[in-house]
């Protein structure tokens with residue numbers, strides 16, 4: 001009778017689950033509720049946010065001529081798009097901790113969708129910069145995306161789930177680079193719109209899809225395997241954490257700050273590349289707008305497999321070598337990405353640059369997946385805060401890089417790209433300082449028993465077969 005009872009307990013789920021009802025398998029080709037449905041809603045919603053944010057760069061050569069933008073205006077607009085994301089990502093972490101990822105995600109998408117549509121009303125450099133600032137807020141949905149996956153999937157597959165969810169979503173940037181020039185030219189050729197009208201009308205499309213996916217998240221999503229975030233806390237008898245304590249625990253965890261720095265120079269470098277690469281090929285190699293968009297699209301589209309590959313590698317290294325494997329994997333892959341970025345700025349041929357760009361895209365995005373293969377283990381108590389800190393680090397890194405290297409005409413674009421690679425290599429070194437008492441670090445063994453109590457909630461790894469990693 002016990003096996004039958006056990007089977008009945010698991011019957012609400014089509015996937016095998018652990019003691020917290022988190023899925024222990026990841027099957028991206030399924031849409032079963034609640035685990036895989038949450039996965040598909042999460043990545044699709046974030047995909048639309050990336051599409052909206054990066055729908056502007058591929059049309060910059062046209063917008064630049066129409067609005068008479070200077071290089072300083074373009075640089076400031078790029079910075080503004082990242083600054084908006086910094087503040088929203090910092091706020092999104094605690095918001096997910098307090099109300100759950102579904103409501104937090106949908107609310108942000110519905111708030112920012114009208115902003116990208118408002119790009120059709122831009123008439124001056126100042127209004128263009130303000131639009132890019134506002135649209136950048138939508139990228140905070142990344143934090144809700146990663147929080148949602150960590151809430152749905154067991155530690156044995158959380159790196160893969162995070163990597164695929166964010167990777168498929170990040171393809172929105174590549175699709176925007178590829179599709180927006182085509183939409184622009186179709187509006188001209190099929191509807192006969194003037195050039196200055198066609199690029200404005202183009203921005204109604206990403207805003208519409210962003211709003212639709214937000215409504216789908218509200219209508220069909222579920223915060224946790226057991227139901228809503230609020231009901232789950234009541235069901236398990238877990239009191240709601242005090243907000244100030246939750247925030248304090250997250251902000252005082254040095255591992256979160258190191259991962260924020262690391263993420264600043266993998267995802268932050270990817271964001272910067274998305275912002276400048278179409279213009280780089282357009283200006284340096286003289287390709288037309290559509291070709292420049294297709295080349296730039298390769299960066300975002302590589303997320304189809306590269307970021308998931310990083311998450312899967314993190315899980316595999318974790319199963320074989322424990323936390324040490326996850327950290328070594330992160331450091332190695334991101335350092336290679338930095339070297340490729342240095343080389344990208346030194347290659348003088350079109351096809352050579354395209355080849356190096358593709359290799360760089362794979363490694364830099366895999367490094368992002370590896371980073372969020374570590375994030376879920378830093379703090380269960382303040383997961384949202386740590387995810388928000390790390391996610392904000394990505395946009396802060398992009399802002400700093402944009403300000404230092406890609407604003408004004410101090411350096412050529414190719415020189416700035418190589419300097420960005422050097423910054424990536426240097427900012428990856430602090431990963432060597434990350435140490436967990438139960439699991440050790442890159443160079444040191446654990447300092448206490450994996451099952452012993454600790455001031456922080458490190459027992460996130462302690463579910464089912466995942467106890468192996470903590471040994």
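Backbone N, Cα and C atoms are what each Cβ position is placed from, and that goes for glycine too.
Between the stretches 385-405, 448-468, TrEMBL puts its transmembrane segment entry on 385-405. Of the candidate ranges 20-37, 74-91, 236-253, TrEMBL annotates residues 74-91 with the feature transmembrane segment. Record note: among 287-306, 307-326, 287-306 is the stretch given as transmembrane segment by TrEMBL.
Distant neighbours of the transmembrane segment (327-345): 262, 265-266, 269, 310, 313-314, 317, 321, 353, 356-357, 359-360, 363-364, 366-367, 370-371, 373-374, 413-425, 428-429, 431-432, 434, 441-442; these residues of the same chain sit at least 6 beyond its ends, with a Cβ under 8 Å from one of its Cβ atoms. Sequence-distant contacts of the transmembrane segment (103-122) (same chain, at least 6 residues past either end, Cβ-Cβ under 8 Å): 42, 45-46, 48-49, 52-53, 55-56, 63, 67, 88, 92, 95-96, 128, 131, 134-135, 137-138, 140-141, 144-145, 148, 200-201, 203-204, 206-208, 210-211, 213-215, 217-218, 221. Listed stretches 41-62, 129-148, 168-191, 287-306 were compared with the transmembrane segment (385-405); the greatest number of C-beta pairs under 8 angstroms is found for 129-148. Counting Cβ pairs closer than 8 Å and at least 6 residues apart in sequence, the transmembrane segment (41-62) and the transmembrane segment (351-378) reach fewer than three and form no contact.
Among residues of the same chain six or more beyond the transmembrane segment (168-191), those with a C-beta under 8 A of the stretch's C-beta atoms are 42-55, 57-59, 62, 142, 145, 197-199, 201-202, 205-206, 270, 274, 278, 289-290, 293-294, 296-304, 307-308, 365.
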